Amino acid sequence: MASVPVYCLCRLPYDVTRFMIECDMCQDWFHGSCVGVEEEKAADIDLYHCPNCEVLHGPSIMKKRRGSSKGHDNHKGKPLKTGSSMFIRELRGRTFDSSDEVILKPTGSQLTVEFLEENSFSVPILVLKKDGLGMTLPSPSFTVRDVEHYVGSDKEIDVIDVARQADCKMKLGDFVKYYYSGKREKVLNVISLEFSDTRLSNLVETPRIVRKLSWVENLWPEECVFERPNVQKYCLMSVRDSYTDFHIDFGGTSVWYHVLKGEKIFYLIRPTNANLTLFECWSSSSNQNEMFFGDQVEKCYKCSVKQGQTLFIPTGWIHAVLTPVDCLAFGGNFLHSLNIEMQLKAYEIEKRLSTADLFKFPNFETICWYVGKHILDIFRGLRENRRHPASYLVHGGKALNLAFRAWTKKEALPDHEDEIPETVRTVQLIKDLAREIRLVEDIFQQNVGKTSNIFGLQRIFPAGSIPLTKPAHSTSVSMSKLSLPSKNGSKKKGLKPKDIFKKAERKGKQSSALGPAGQLSYNLMDPYSHQALKTGPSQKAKFNMSGTSLNDSDDDSADMDLDGSENPLALLMANGSTKRMKSVSKSRRAKIAKKVDSARLVAEQVMGDEFDLDSDDELQIDERLGKEKANLLIRSKFPRKLPRAKPCSDPNRIREPGEVEFDIEEDYTTDEDMVEGVESKLGNGSGAGGILDLLKASRQVGGPDYAALTEAPASPSTQEAIQGMLCMANLQSSSSSPATSSLQAWWTGGQERSSGSSSSGLGTVSSSPASQRTPGKRPIKRPAYWKNESEEEENASLDEQDSLGACFKDAEYIYPSLESDDDDPALKSRPKKKKNSDDAPWSPKARVTPTLPKQDRPVREGTRVASIETGLAAAAAKLAQQELQKAQKKKYIKKKPLLKEVEQPRPQDSNPIMTMPAPTVATTPQPDTSSSPQPPPEPKQEALSGSLADHEYTARPNAFGMAQANRSTTPMAPGVFLTQRRPSVGSQSSQAGQGKRPKKGLATAKQRLGRILKIHRNGKLLL
């Protein structure tokens, strides 16, 4: 058995807890306590000689000091080391931006959870006096020796050597001796003495706001097998010239500091994305101790915290600390729900920087799992009670859920599963939390519209403009600035600060008799336990958002003005009572009710299927709507009886932290009401290519103006060119001509079909009895097998035409609108349709459901495209020539009915159009491709040749240059259509009638196809 190696003069085995030093001569190891070498002094030794080697080689050699050349012998151009005496001297003399630009200075009684919710805990807060903070501290006569008495002199602590910016271990008793020694060879700083488990903890109580916000205080279970994170109480003992370099507190925690004695100077940097990126690069650089991070950012603020003052630094702020005089302070770190996303971001930065465990938040991921479970309970409880969470809680829940998904991925799970509590079902928690968040977001998108501060409140006064250190008798008011999008882009006027305080003071006087003076107290982490309500002259007033949730018309622009005669705003006082500033007239109330109804009707369209709330596959984003229509975006497959947000109507209700003043109201609107609301909305707009394609294909939209919405009018120049072409072709433009009759049939059929569909109910297009609906019922979807293949092909080709109807074109290119999507069928070849397809574009997440139509784009008058006019003229000339040739060949053709079909419109042309799902330019029904294996394409194309729609530029280009001879519903480009199809008809007809020899190169179908392909590939009019 091998013997255990022993070291040092004491000949004991290695002990990891004891400091040891190696002799540079004999290479043996010695305990520092055995040879008289302290750990903090070992860094100054260049060559160490043990007691045995000291006899032969002399004493240990110390490092040469360069302090004698402080002022005049300094090397020029050499950077200063962070923490050195020269660095501290230069730092003291530098000028920084004043922190008064960013920090808030409320009184202790004003600093409540409600204050942080309204003002957002995103900037530092300096409280000049501890009164009202609910904090317990020792008397100012408390000293470092008293700390040693309550903690114990044998307590091992972490001490920072400021000159080296390195950490070392030291007993508290030894540090106290150093602190009171007359000559300090080094600058030592104690900033991480956590005393929660010592007797000193009985003398210090954290601020009330910290106790209410802290996750550890409120959410950490007592029976948890993981060790409870103790980061709430720290004692900081710093000597003069102590300096802590720039850092973010572990886990993105917020921090509070109270200076009991002395002074501390904080250098603060805002945690913007750019600054965080710079900080990460600076922290990972090899010469970090030679660069002052404050020089790399745009602004670095200086904040002095003097004796008796308390500073709260929010999540993510990058800060450094300088101690100008000996200082004794208390502080602590805490995680909270006000900025969860930033906390997670700071945690990820720590992981990327490979921060040591000593400087990390203990069990950070464990507490996050508990918080995720708690937020889920909050969402469920608020929804069951018809209340709504605040925006910071929704954003925090989303950030947590994203982190949970990342931590539980298969490749990352081994690194994170050790911190997952056994009581948490991770997969179910992620799914339920995503469901609740989606419910909350959908409720507001369906009823209120997209706005950044619907869930929460916002501060309206910039930092420093109105001091928050007003006397106790003044009333502080904060208002939510709702910037809902309106039609004219205007925003509601804000209140002047003077008017706000005047009104608030009057209301405060009226409610001062309701109870004793005090503050409203909340517990953020326990939304179901209510604190006692108190009111008083210093109570906070908050605007109820009733009347501000709709901003759809111009007459709302001046409603926020307090000087007006009508104002729907009400002050919600701290006791829950609602006091209305001005009486709202009946006409104004009627306008508000009307707008609420109209918004509700548009938002709650009838959907064919139920919304699967437990499925993440139903999420869908449609980015083709413009900003002006963003507030009318309808989410697909939403439940029919969806709870709806409405302003709070109970004046005595207590608002919980993490909640806004809204109630949920169940929806009992009938389908008849919805049809009226949707038709009224659709009647105000006009169609455009892209959105109406989906509406027509899914057969969900009907209305009296539907036919007018489906086709954009041609420009005057195009219409003149078409008329000229018809005249040159000897075609009459009266109603008897095939072109006019076919166009008239299409228009009349579209009108009759749309009127019939609107009378039968929303979502039906065909006038057949099978598609009729009764009021109050859900729309009946037609089964896929009701449609044959020819109908699907017609629908596909019609959608292709309509999708390009509103696009600008010239002879060579098509110019789609900016709103066109990559999946637009007009921009790529359409794949073969399935029988059960509802003609909706493929989406990786969901099926696309009807959206609202776009507005008409103005047609540019007087614009002419030379290539188009040239093509029209050439096509018209060839048409006239072909008509003459056809008249000469009539006597040789036996099939007289075929020519009648060409020259005269058939009486049944208007009938098949009635059953088409969308307006079409075709006037002849397609034969069933399944029943007719080889349909004669040429006569069918001839019947379409006289249609006015043949000469409009709505043909969809084939991506592969294939001839579209068999697709009657998709007209070709003007030049190609007229020069190639008619000769083939004549040759084929004459060949069938008398066996006349065909033209050279056009004898077989293959030759004719090759001729057409060549024209497609090289023709000037190729689209």
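Glycine is treated like the rest: Cβ placed from N, Cα and C.
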Seminar exercise, completed: Candidates Ser490, Ser760, Ser790; Swiss-Prot annotation phosphoserine sits on Ser790
Exercise. Can you check which of Ser820, Ser910, Ser990 Swiss-Prot annotates as phosphoserine?
Worked result: Ser820
Problem set entry | Listed residues Ser286, Ser587, Ser615, Ser767, with the one flagged phosphoserine by Swiss-Prot | Ser615
For this session: Report which of Ser511, Ser736, Ser797 appears in Swiss-Prot with the annotation phosphoserine.
Result: Ser797
Seminar exercise, completed: Filtering Thr82, Thr548, Thr578, Thr670 by Swiss-Prot annotation phosphothreonine leaves Thr670
Exercise. From Thr136, Thr669, Thr851, pick the one Swiss-Prot annotates as phosphothreonine?
Worked result: Thr669
For this session: Could you find out if DSSP has Asp249 (Fe cation binding site) as helix, strand or coil?
Result: coil
Problem set entry | Largest tally of Cβ atoms lying within 10 Å of a Cβ, found at which of the modified residues Ser33, Ser84 | Ser84
Exercise. Long-range same-chain neighbours of Asp249 (Fe cation binding site), Cβ under 8 Å, sequence gap at least 6?
Worked result: Val255, Ile313, Asn333, Ala346
Seminar exercise, completed: Per DSSP, the zinc finger (5-56) contains 16 helix, 13 strand, 23 coil
Exercise. What other residues of this chain sit with their CB within 8 A of the center of the CB atoms of His247, Asp249, His319, the recorded Fe cation site?
Worked result: Thr244, Phe246, Ile248, Val255, Ile313, Trp317, Ile318, Ala320
For this session: Between Ser84 (phosphoserine) and His319 (Fe cation binding site), find the distance joining the two CA atoms and give it rounded to the nearest Å.
Result: 19
Exercise. Taking DSSP three-state, what's His319 (Fe cation binding site) in: helix, strand or coil?
Worked result: strand
For this session: Looking only at C-alpha atoms, tell me how far Ser33 (phosphoserine) is from His319 (Fe cation binding site), rounded to the nearest Å.
Result: 37
